[in-house]
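Single-structure report; data block below.
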Amino acid sequence: TAKMTVERMFDEYGHFKRFQACLYFAAVFQATSCGIHYLASVFLVETPNFVCSVPGNITDVLYGNITGSSLESVFPVIKPAGGPLVVRTSEGEQWELSRCRSALRINPQDFTYDYYGNKTMKDCSGNFVYDHTEVHSSIVTDWDLVCEKEWLAKLCQPTFMLGVLVGALLFGDIADRIGRVKILMITSLCQFALGVAVAFSLNYYFFVVLRFLLAMASSGYLVVVFVYVTEFTGSKVRTWTSMHIHAAFAVGIMVVALTGYLVRVWWIYQIILSICTSPFLLFCWKFPETPFYLMAKGRYQEAQALLDTIARFNGLECRLKAEDLLEPMKSENGKTLLEKEEGERPAQPEKKLSILDLFCSWRMAGRTCTVWAIWFIGSLGYYVFSLGSVNLGGNQYVNLFLAGECQIKTFVIFCLCFALLHNVVTLAKSLHLTFDFCMIKRTAPHEIDSLAIALSMIGKFAVAIAFGLIYLYTCELYPTVIRWTLAVGSGSMMCRVGSIVAPFCVYLVDVWVYLPQLIVGILAFAIGVLTLLLPETLGEPLPTTLEEAESL
């Protein structure tokens with residue numbers, strides 16, 4: 001079997017010159033849409049203050065010592081855990097209103113907040129009044145996803161992440177069959193079409209199904225773009241280029257925060273988010289297939305045409321031949337592989353690869369389990385910090401914007417200091433740093449909003465490094481034949497398991513305010529210890545066979 005030395009292409013034509021830069025920044029631009037759709041539900045399913053509605057017109061309102069003439073005048077000071085609202089209608093009825101129940105006072109004498117007489121308890125029966133001060137319209141207010149239907153709203157993000165998991169598995173297999181670039185085009189078009197379609201959902205069930213399909217498309221793009229970028233950039237810049245795809249994801253989070261602040265109607269908000277990256281559709285069809293994929297599939301003539309294009313675009317002489325990327329291999333009549341036509345090439349039976357190849361030896365099995373654990377905790381910690389940022393106190397839009405900005409700074413600082421770091425050591429230290437700040441937050445006063453926000457941002461800073469680096473490390477640890485479908489695809493599957501669990505972990509704040517961070521911290525520490533057993537891959541050429549990968 002010919003041993004591929006495709007890495008030589010970067011030594012000849014540059015690790016990150018004009019051709020690669022144009023492809024890279026175009027692909028990264030579309031990656032912002034993944035950050036947008038992944039976090040869009042933060043404001044799509046936002047639940048404002050609400051109480052049961054009552055028959056008749058309200059003339060007076062009491063809430064403790066606060067009085068008003070309408071519910072809107074009192075809503076801003078209502079606390080979910082506080083007492084009920086007391087209202088009087090134009091018919092003279094007095095009602096005590098809470099979130100999911102109402103009580104009609106029987107024969108009240110005076111209009112006071114405290115009442116010790118008889119009451120008739122009633123369910124809301126789907127009739128609610130919402131505070132539209134902050135949220136003009138969300139799917140919660142439009143479809144009354146509160147009280148006994150609250151679980152439907154909480155199910156939106158987990159079902160989206162389930163779609164992300166299915167998309168990673170589905171598009172992973174397709175990408176190795178039809179190529180990376182076709183998946184980029186298909187998923188980009190689907191993100192735009194499905195994103196706009198979500199805004200016109202007729203009911204909750206249409207909304208969830210369309211968001212599930214949107215998640216599949218977003219996941220397909222996000223995972224394959226990492227492999228695409230990795231296979232088009234040289235080892236000298238590979239860490240920088242792969243990590244900054246996550247920075248584009250963070251820009252998407254910032255776009256969500258800004259759009260959510262400016263647009264308070266959910267379907268308009270969804271349309272604006274979906275068209276943000278639509279210009280990418282105008283030129284993505286010109287993207288070439290990666291040289292690694294073309295050589296692995298034996299499409300040498302296409303690989304030669306790509307090498308010539310790269311050389312011309314970078315202003316260099318076209319001196320590299322596709323056959324130079326293989327060990328010399330002549331047929332019996334003296335022709336090179338490149339000279340032989342597709343039909344003339346000797347048929348070589350392809351080995352059927354499966355997920356068991358990730359466990360082909362005890363050494364590889366141990367590495368695979370550890371890498372999967374890093375994918376899981378990276379995703380779990382990332383989404384626990386991101387989704388929980390709107391619950392930290394203060395302005396939720398500012399908090400989410402800061403979460404995205406913090407992530408960008410993480411990767412900038414990481415890349416500036418990368419020359420002093422190693423992949424494995426950095427992974428372990430970032431996970432241990434996550435543990436440290438989760439424990440510090442556990443002892444910090446919860447009442448101080450600014451301190452809680454600062455500690456959460458630093459915790460996300462640490463886990464974002466691990467979450468970003470594990471994509472690159474997986475690509476460098478496994479060979480070309482299983483890098484996408486099996487290695488990155490299965491790692492992404494574990495990542496999506498973490499993202500499915502994350503929303504439920506965030507909901508544990510109702511049990512104990514520190515419980516989500518405590519879970520993330522303990523898991524991060526344990527997995528960080530195991531990470532130190534992995535081999536270092538920094539600066540090594542990408543392995544092309546299982547034997548090369550095992551020898552690392």
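Just so you know, glycine gets a Cβ as well, placed from its N, Cα and C.
Quantities reported herein were computed from a predicted structural model and do not represent experimental measurements.
So that you can see what the record holds, here are the features copied from TrEMBL:
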- 21-40: transmembrane segment (TRANSMEM)
- 183-202: transmembrane segment (TRANSMEM)
- 208-229: transmembrane segment (TRANSMEM)
- 241-261: transmembrane segment (TRANSMEM)
- 371-390: transmembrane segment (TRANSMEM)
- 410-431: transmembrane segment (TRANSMEM)
- 451-472: transmembrane segment (TRANSMEM)
- 484-506: transmembrane segment (TRANSMEM)
- 513-534: transmembrane segment (TRANSMEM)
Any chance the transmembrane segment (484-506) and the transmembrane segment (371-390) have 3 or more Cβ pairs under 8 A, given the pairs are 6 or more apart in sequence?
yes
Could you give the residue numbers and ranges of same-chain residues that sit at least 6 residues beyond the transmembrane segment (451-472) on either side and whose C-beta is under 8 angstroms from one of its C-beta atoms?
226, 230, 238-239, 242-243, 245-246, 371, 374-375, 377-379, 381-382, 385-386, 388-389, 392-394, 399, 402-403, 406-407, 409-411, 414, 423, 426-427, 430-431, 433-434, 436-438, 440-441, 444-445, 488, 491, 517, 520, 524
Within the same chain, where does the transmembrane segment (208-229) have neighbours whose Cβ lies under 8 angstroms from its own Cβ atoms, ignoring anything closer than 6 residues to its ends? I mean 6 or more beyond.
24, 27-28, 30-31, 33-34, 37-38, 41, 155-156, 159-168, 170-172, 175, 180-181, 183-184, 186-188, 190-191, 194-195, 197-198, 201, 241-242, 245, 249, 290, 471-472, 475, 483-484, 488-489, 492, 496
At a C-beta cut-off of under 8 Å, are there same-chain residues at least 6 beyond the transmembrane segment (183-202) that contact it? List them, or none.
27, 30, 33-34, 37, 171, 174-175, 210-211, 213-214, 216-218, 220-221, 224-225, 228, 267-268, 270-271, 273-275, 277-278, 280-281, 284-285, 287
